[in-house]
Amino acid sequence: MYPTFNLSTSDHSNLSDADNLRLQELTHRSVKVSIIIALGVMITLGNIAVLMVITSSVAGWSRNSRYFLLSLTAADSAFGLLVMPLNLWVSLLKDYSEGPDAFCHVVAFCNATVYSACMYTLATISLERYIAVFYPLQYSSLMTRKRTLLLICFAWCFPPFLLSPITFPDGIIEVHFSTASLVCNPSYSTNVAYTLSLTCLIFFPCSIVMTYANLRVWCAAKRQRLKLRKYGCALRSRHNVAARVLVPVMAAYYTCWTPCMAVMIYNAVSGSSVPEWVEFVVVWLPTSNGFLNCIFYFWINKNFRRKFHLILQRLALALCPELANTFGWSTTSSAQFVSGILDNNNLVHERSSSVSSTCTLLSMA
């Protein structure tokens, strides 16, 4: 926990190093706050744009896929709308009140819950992708609406159950506010067993599911691509869709989450802290995954971009027709034709509408 910086004559020699460290961290506070705010704005704006599109029908996305992606959007939006404001608020309060308090425990619980819900949601999306690709005929019976909603409920309800001990000030694990990362964090070294159990129940299972499912889907898409090329059915200029989608998704996941988990385990086992900027980066790096998800799961999809442009055109025509005419956006028959194609995608079969199959398998068979 935090030492009290009472610089009396007898304690000055003992506390000077800790005091200097805190002063050094506070000098970087404005830079850190600016980075956090900029990241929060990017995440919020990106997910608002995503929400505008997936609340309506998008060509190539089934109802179940939209449920999972709405859950992912909610988890990513929580980074910018809940996690960042709460921790910045606590960082302001801690200028005047040192040490842990009940509110800091609640903030730490919210942080951990949003982080965990995001990982579980990513795992459920990978599971849906796997089922859509390898069990196409059974997809409708395996991924019913009820089971889809149950998976989403599990992704949001199981983490609070695991993390509930963090909310109690006198519970099984202590919480402190870190001036290095400007975050309310559990003191992992105060309960090593609980910390390791969290990683074994959250990070490692989600990583295993995502790695296995996406690797199998990537191998299946590669085999299909080679088979089509062998029989001359594929265009040589066609991009490797599976690699373009799955590789960035997995690379972003491990880049954003692995350092945070590694430092968490290191702090728990060794009881030592990492350098100031290392702690700041690894703590806030997972939140950047909330912005990268907007790119890899949404913006990289051509149908999503097309629908987003159509929505922008409709908004511009409704709010500012002069601006729409400037950009050449008008209610022509071609725009109405595109709108009709996009809005009638519910007629497509569930498997072919799945975001997993359209993103990873070659459609030029």
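Positions of Cβ are set from backbone N, Cα and C atoms, glycine also.
Under the heading transmembrane segment, TrEMBL lists 33-55 (among others).
According to TrEMBL, the feature domain 'G-protein coupled receptors family 1 profile' maps to 46-297.
Long-range contacts of the transmembrane segment (67-86) within the same chain: residues 36-37, 39-44, 46-48, 50-51, 54-55, 61, 107, 110-111, 114, 117-118, 121-122, 124-125, 128, 145, 148-149, 151-152, 155-156, 184, 287, 289-291, 293-294, 297-298, 355, each at least 6 residues beyond the stretch ends and with a Cβ under 8 Å from a Cβ of the stretch. What TrEMBL lists as transmembrane segment is 67-86 (among others).
The transmembrane segment annotation in TrEMBL covers 106-127 (among others).
If you look up TrEMBL, you'll see 148-168 (among others) marked as transmembrane segment.
What TrEMBL lists as transmembrane segment is 192-215 (among others).
Positions annotated as transmembrane segment by TrEMBL: 245-269 (among others). For the transmembrane segment (245-269), same-chain residues at least 6 beyond its ends with a Cβ under 8 Å from one of its own Cβ atoms are 119, 122, 188-189, 192, 195-196, 199, 203, 207, 210-211, 214, 217-218, 278-279, 281-283, 285-286, 288-289, 292-293, 295-297, 300, 359-360.
Taken from TrEMBL, the feature transmembrane segment covers 281-300 (among others).
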- Task: Output the single range from 148-168, 192-215, 281-300 maximising the number of Cβ pairs under 8 Å to the transmembrane segment (33-55).
- Result: 281-300
- Residues of the parent chain within Cβ reach of the transmembrane segment (148-168), under 8 Å, 6 or more residues beyond its termini: 64, 67-68, 71, 105-106, 108-109, 112-113, 116-117, 120-121, 123-124, 127-128, 175, 186, 194, 198, 201-202
